[in-house]
Amino acid sequence: MSLLCYNRGCGQRFDPETNTEDSCTYHPGVPVFHDALKGWSCCKRRTTDFSDFLSIVGCTKGLHNSEKPPEPVKPDVKSTTERKELAELKPKFQEHIIQAPKPLETIKRPSPDEPMTNLQLKVSASLKQALDKLKLSSENEEKKEEDSDEIKIGTPCKNAGCSKTYQGPHSTEEVCQYHSGVPIFHEGMKYWSCCKRKTSDFNTFLAQEGCTTGTHVWTKKDAGKKVVPCRHDWHQTGGEVTVSIYAKNSVPDLSYVEANSTMLNIHIVFEGEKEFHRNVKLWGVIDVKRSYVNMTATKIEVSMRKAEPLLWASLELPVSNTQQTNENSDQ
């Protein structure tokens, strides 16, 4: 004769004669529901879906239990003594409901025209070591270049957007088609400030032909710093927003990140002659004094402390919200 197991998380039928210490897999704890998350107090797994919660496999082995838990009794309470007795009758496995704290009042959005402050740059040991190696190699390259001013066949043009390479003296007479502006990344769209042909695809952006004509630049001496696009993303926790820029061997002495409560300006020089710029109107408000920048050999992380513990819908404030904010401030 099979019996129904009443252990939480089991619910299977079992044969009492074959019931052993590891026959049942169940939850010895109680259900916990907090901030839309559901789980058991005895294990760490959490889910927002109630069906998933019901299907969470037990975390403890033991005997099947055929004893049905007592139903909660609801007598007509008339005295304090009876209320106390009623509390004792309630099953011990009743779910725990944790009340969330009251929401904080929304902070009034400060003006974007507040003075900008340079965030503290924290340079890692790995970046310092990488820069020391690059310094030695660049010194050796400069000596070689001084010995020979000859341009090697296959040398790419240093102008942004130009894909031509040096094939001989006739290459210097060719017209160079390049982008004279800077790359701009805004609300998922990518374009150059000089021609503003917008696209959401990064490869299409890189393949856009230049909108300006001029002469090719073959050597670093003539090119100087070159503004280039750079992969970057962001993530957040309850109290912090982090922007990651994937630029190798950034130069701390030539780079800076400045911010006020609602604006972020990023200027990174990396790999010797490359530059990355990004200006962001932040979706939320940050605490500038508690924000900083971590610089490593492979990336830069801008850690911004939130002024209020709210989840941001995006990193950047949409244009419509910005205009609405300005209109409200004018009124």
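A Cβ is built for glycine as well, from the same backbone N, Cα and C atoms used for every other residue.
Summary of the site annotation: Swiss-Prot records Zn(2+) 3 binding at C157, C162, C176. Screening the candidates H186, H216, H232 against this entry identifies H216 as the one listed for that site. The Zn(2+) 1 site recorded in Swiss-Prot comprises C5, C10, C24 together with one of H64, H170, namely H64.
Residues H179, C194, C195 are given by Swiss-Prot as Zn(2+) 4 binders; from C211, C230, that same site also lists C211. It is 61 Å from the Cα atom of H179 (Zn(2+) 4 binding site) to that of C59 (Zn(2+) 2 binding site). Neighbouring residues of the recorded Zn(2+) 3 site, listed in sequence order and excluding C157, C162, C176, H216, comprise K158, N159, K164, E174, Q177, Y178, G214, T215, V217 (Cβ within 8 Å of the Cβ centroid). Geometry remark: C176 (Zn(2+) 3 binding site) versus C5 (Zn(2+) 1 binding site), CA distance 80 Å. Secondary structure at C24 (Zn(2+) 1 binding site), taken from DSSP and collapsed to helix, strand or coil, is strand.
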